[in-house]
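The structure appears right after this line, and notes come after that.
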Amino acid sequence: MAQAQEARVPDIGDYRDVPVIEVLVSVGDTVKKDQGLITLESDKATLEVPAAFGGVVKELKVKVGDTLSAGDVVALIEPQGESQAAAAKAEQEAEAAPAKAVAPSPARPVEPDAPVEPVDTSPTPDKLTQREIAMSQSRTASGATSGQAEPPSPPTSTPPVSFDAARVMPDKVPHASPAVRLFARELGVDLRQVTGSARHGRITREDVQGFVKQALAGGGASAAGGGNGLSPGSGPGQALLPWPKVDFSKFGQTEVKPLSRIQKISGANLARNWAMIPHVTQFDAADITELEDLRVALNQEAEKSRSGVKLTLLAFLIKASAALLKKYPTFNASLDASGENLTLKQYFHIGFAADTPNGLVVPVIRDVDRKGINEIAAETGELAGKAREGKLGPAQMSGGCFSISSLGGIGGTAFTPIINAPEVAILGVSRSSIQPVWDGKAFQPRLMLPLSLSYDHRVIDGALAARFTADLARVLGDMRRVLL
């Protein structure tokens, strides 16, 4: 007998501690090479971890809710010999063949007179399979007779039965991603009452929205209970109001334009961050008169010598922010999901909001504290170009400690930027303008840059935020302070 071997998570890039949202196999299952073992879901992508070799699953090392990184052990699989593998393959094909031709849509539950889906190997299936029911019936029949056990009927000889697992497994864990679970909690929805439409009955955001819509309409009673599935205090008129349904065409000509993929993803993230993080915005202004003179002079020198890159104000803002993150480490931190622990980071990666034709993205410049202004400016231009072309990779948009949203090239005097979780602060920059500033003797015309710092009030208090913006204004007023 071959010795069980470890099946590990392959290289998944820079993703770390990615949660397991689905276990696709069980102990004793025969798996083929490249067959999915588990499903991981980050905030940007869903990844299925395949088996590197075929065999029999002897032990599972993970469960739903665990977090994994590249190289972590998923399961122990005993490789099969050629004859065993061939027999297992033939058996799997024989079992799956009748169901493949008539498998119903995964968005609908199995009807009583419809063929049953293939055996679902997920740990908490919403429907008990035909084989499980047949075995249960066989055991019941044997207990009612003289004690002589009868062999279980083959799957094809037992009439298909739809069976709601929620009645016999009320504590089962619904299949849903962390983002969907959070969305459901915000709306007060019990996921055990929701029917999933994705693979293996996994619940999507749309399923939750549909359930809430049905509950608001008065038709949300579930099969497992008489309620509408909404938590106490979250029913109509208390926490939820139906979205207004308006036929805009009766007022004039209209056009329906779907949101881009980036807009859908960023929109969901922004809604979550705004709802879950207690935002406070600290406003201030920095005197950048000398800084702007320096920037213009350096660009003129570079243009004459035809060397170097064009320096933007954003490059100076990024460098100055890194200096402030070192001085105020609480801003260079992340709060865990429990809200009880703060992770202080020893690296300084800063993201900047880039406006693209398809929506907003946030490229990240790494190790800003070890880079000069010219290098930061060059990298900013390169990443902004890739963002406009839609060529940014996941590694170029992850790992940020702090973000900057600059609207100075467009206009405005102040705004409240939304924090890019799991970061705890974001700096907004508006258009600079000449303002009269009193120097103790007379008003002087100075170029003032509006600063808007949004911060997570669970982590940062108002006094600390005021010190941060005041010190940032001083650094921008004299960039030589960065050298101190």
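Every residue, even glycine, has its Cβ placed from backbone N, Cα and C.
The shown structure was predicted, so the numbers you read here are calculated from the model rather than taken from an experiment.
Copied over from TrEMBL:
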DOMAIN    4-78  domain 'Lipoyl-binding'
REGION    85-164  region 'Disordered'
COMPBIAS  85-105  compositional bias 'Low complexity'
COMPBIAS  135-148  compositional bias 'Polar residues'
DOMAIN    175-212  domain 'Peripheral subunit-binding (PSBD)'
REGION    218-238  region 'Disordered'
COMPBIAS  218-236  compositional bias 'Gly residues'
Would you mind splitting the domain 'Peripheral subunit-binding (PSBD)' (175-212) into helix, strand and coil residue counts from DSSP?
24 helix, 3 strand, 11 coil
Per DSSP, what is the residue count of the domain 'Lipoyl-binding' (4-78) in each of helix, strand and coil?
0 helix, 37 strand, 38 coil
Mean pLDDT over the domain 'Peripheral subunit-binding (PSBD)' (175-212): what is the value?
81
